[in-house]
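> Straight out of TrEMBL:
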REPEAT    134-168  repeat 'PPR'
REPEAT    235-269  repeat 'PPR'
REPEAT    305-335  repeat 'PPR'
REPEAT    336-370  repeat 'PPR'
């Protein structure tokens with residue numbers, strides 16, 4: 001902007017500086033607006049009247065905020081103070097917005113506090129020094145704190161706003177509701193919902209969208225649907241928020257019902273519509289519903305979208321249909337990291353596992369950088385194929401070549417590789433020397449391997465580690481009991497089961513389901529409720545036998 005101003009300094013001056021600056025800023029031509037403003041400041045007093053400064057400062061500050069120019073923003077702040085323009089409410093609000101949007105306060109030297117804290121401190125100082133505050137001022141302050149994760153401060157400002165006699169509006173509520181969404185505080189979110197209803201804000205599309213997101217994050221699908229159904233006007237964004245909320249809470253059928261309503265309402269789906277629905281179908285292994293969505297993807301002309309293709313690959317892999325997933329993958333011209341990872345994980349889980357490693361080699365040859373999830377998929381493939389040496393190689397390659405710090409999932413995957421291969425002592429030592437404190441989940445991986453190998457001595461050592469972390473871990477108690485039983489140590493198994501009963505520990509029954517003729521049949525262990533037969537035993541066996549019958 002400085003260079004542009006210098007070049008344009010000899011050009012004829014516009015008839016109205018403020019009008020030109022505001023016009024350029026309104027049209028989104030922020031660089032041109034800044035250049036005009038600097039030309040005005042560089043001009044002589046007769047050519048640039050003092051009245052033009054306060055009239056154009058809000059637009060110039062808006063441009064600094066949009067372009068992320070902290071140094072120039074600091075200069076304009078100083079100019080506002082020197083010229084008296086800070087007394088103007090619009091200029092002061094523009095300064096508030098500047099500090100709300102910028103990552104750091106430009107007038108402070110770096111290294112003293114975190115960037116967000118500095119900008120918030122400057123924002124609060126501007127607010128406190130304002131001679132006149134309106135709802136925009138209060139809303140900007142609330143939004144600034146909420147956007148930077150200072151939720152408690154945002155709520156304090158909301159109370160100050162109320163005490164000051166400034167009534168919250170729809171923008172205030174849509175700024176506050178995400179706070180309760182992030183911390184899953186449904187009680188306080190409901191209080192805001194009640195306030196919105198009593199004061200006529202509940203029909204506002206922004207408030208409605210925020211309420212939907214809040215209830216979705218708080219896993220209250222019932223209220224989610226009620227809010228959505230009560231809204232008089234629904235745009236594509238609102239429909240998609242509703243779909244995503246139902247899908248992320250596992251209400252796949254409800255999400256598909258909303259999807260059909262959306263189509264009947266004449267609202268065209270967006271790519272994110274399918275990016276929400278397809279993973280949900282994969283999570284509940286609903287191949288039938290996934291195929292129906294795939295048909296609409298093709299019919300709607302979305303099959304060329306990379307994100308949707310990645311979601312389709314992930315869905316088919318989770319449903320166990322790796323062949324269709326591979327067909328979609330092979331038709332992609334330039335798969336991204338997500339696509340490669342989904343396909344590698346599909347082969348890792350459903351086979352052939354070595355194909356997953358071949359895909360990873362192709363991924364590297366294509367200069368596509370793997371991420372931490374990719375390596376979880378690769379290590380999973382090594383585990384299922386019994387490739388111990390390859391597992392060690394990929395684990396080390398992850399950090400040495402790509403600089404990825406191993407997470408608990410990576411440590412657990414390598415421990416599983418060693419355990420499945422019968423290298424129990426090495427697995428125990430590996431977990432004991434982890435750079436991160438091992439969790440009960442990581443130790444449980446080794447405990448299952450001890451059961452398979454009937455190593456009760458090591459199983460007892462591992463179980464002790466687990467019970468120190470999670471004394472009431474039902475699964476670990478059951479695995480240890482089964483380890484005793486597999487080794488013929490019936491007395492120890494019976495004693496452990498008795499101890500579990502005395503502690504009031506009860507195993508939750510397993511659940512399995514199978515889809516037949518467009519209907520899902522659900523079974524739990526020792527289930528006798530299904531109308532087509534009196535069966536008993538493991539839930540997986542019940543589902544499989546019913547399918548065969």
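Here the Cβ of each residue, glycine as well, is placed from N, Cα and C on the backbone.
Automatic prediction, not curation, is the source of TrEMBL annotations.
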> On the 0 to 100 pLDDT scale, where does the repeat 'PPR' (235-269) sit on average?
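Mean model confidence (pLDDT) across the repeat 'PPR' (235-269) is 87.
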> Mind checking how the repeat 'PPR' (235-269) divides into helix, strand and coil residues in DSSP?
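Summed by class, the stretch gives 26 helix, 0 strand, 9 coil.
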> Could you break down the residues of the repeat 'PPR' (305-335) into DSSP helix, strand and coil, giving a count for each?
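Result for the repeat 'PPR' (305-335), in helix, strand, coil order: 23 helix, 0 strand, 8 coil.
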